[in-house]
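**Q** Pasting in a structure now, in structure tokens, and then I'll have a few things to ask.
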Amino acid sequence: MLATIDPIALRLGPISIHWYAICIVSGLLLAVYLAQRLAPEKGINPEHILDFILLAFPIAIVGARLYYVIFQWSYYSQNPSEIFAIWNGGIAIYGGLIAGAAVLYWFAKRHAIAVLDFLDIAAPGVMIAQSIGRWGNFVNQEAYGKAVSQLNYLPEIIRQQMFINGSYRVPTFLYESLWNLVGFSIILGLRYFNKGLRQGDVTSFYLIWYGLGRFVIEGMRTDSLMFVGLRVSQWVSISIIILGAVLLYFRKQRQKADYKMKN
């Protein structure tokens, strides 16, 4: 039987580099690379992408941590010294997305960039970054599901890491990682095979796809807050699914109106 993975990947004297941080930074770098490659298609200066990331990333991390702490307040109110111990894990993707979206809106308006264009080039990278980032949860043994008798369909290294508190746990991190990877692949396929994508289509797909997957997978977890019969993140998922559907509908209606005006 394999030992569990040490959350610390590398120690350099007093400095410890965690796998969690490596996963987040790796996803971020890939997201930046993709967005910079896509930016010229929308007439956006690729340098704006790096400027945006340097501003948005720390704010998104704070938002993700704040979201997590708020919904785990019963624990952190008793352990206030751990509120800032982000290296131990404990950030909520939705908190980061909300904070990041707010910064994106402000940044786009400041630089006279269409918000939907900015979102369209950001969405593919965000999705693959989320896929990679979930492996940080894997190493930290968090964001898992209910106890099960066995996980024989998985490689030994994943089975062992999902043996938590005396039981195997449903690897919800893996399900979400794969779901996001599939979504990323679909976006690439849509971009390659469908040259008629409208402004906002990629953003709508991201919101609906990610929201659906997160809603289902969140229902398998056992470590998140309940509210009116559902987990808080499931309510947020419903909200972003509706947002994506509404955006898709109104963009379609606008396209029809533009077509009638031209004819």
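Indices start at 1 and increase along the chain as displayed.
Each Cβ is built from the backbone N, Cα and C atoms, and glycine gets one as well.
According to Swiss-Prot, the protein has these features:
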TRANSMEM  15-35  transmembrane segment
TRANSMEM  52-72  transmembrane segment
TRANSMEM  83-103  transmembrane segment
TRANSMEM  112-132  transmembrane segment
TRANSMEM  170-190  transmembrane segment
TRANSMEM  200-220  transmembrane segment
TRANSMEM  227-247  transmembrane segment
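Walk me through where these features lie, including what they touch and how far apart they are.
**A** Distant neighbours of the transmembrane segment (52-72): 28, 32, 83, 86, 90-100, 103-104, 107, 118, 224-225, 232; these residues of the same chain sit at least 6 beyond its ends, with a Cβ under 8 Å from one of its Cβ atoms.
Within the chain carrying the transmembrane segment (83-103), a Cβ under 8 angstroms from the stretch's Cβ atoms is held by residues 7, 16, 18, 20-21, 52, 55-56, 59-69, 71-72, 76, 126, 130, 133, 136-137, 140, 142, 233, 236, all 6 or more beyond its ends.
Long-range contacts of the transmembrane segment (170-190) within its own chain (CB-CB distance under 8 A, at least 6 residues past either end) are made by residues 123-124, 127-128, 130-132, 134-135, 137-138, 143-146, 148, 151, 154, 158, 162, 197, 201-202, 205-206, 209-210, 213-214, 217-218, 220-221.
Residues of the same chain lying 6 or more positions beyond the ends of the transmembrane segment (200-220) and with a Cβ under 8 Å from any Cβ of it are 116, 119-120, 123-124, 126-127, 130, 145-146, 170, 172, 175-176, 179-180, 183, 186-187, 190-191, 230-231, 233-234, 237-241, 243-245, 247-248, 251.
The list of residues near the transmembrane segment (227-247) in space but at least 6 beyond its ends in sequence, with Cβ under 8 angstroms from a Cβ of it, reads 71, 92, 94, 200, 203-208, 210-212, 214-215, 218-219, 221.
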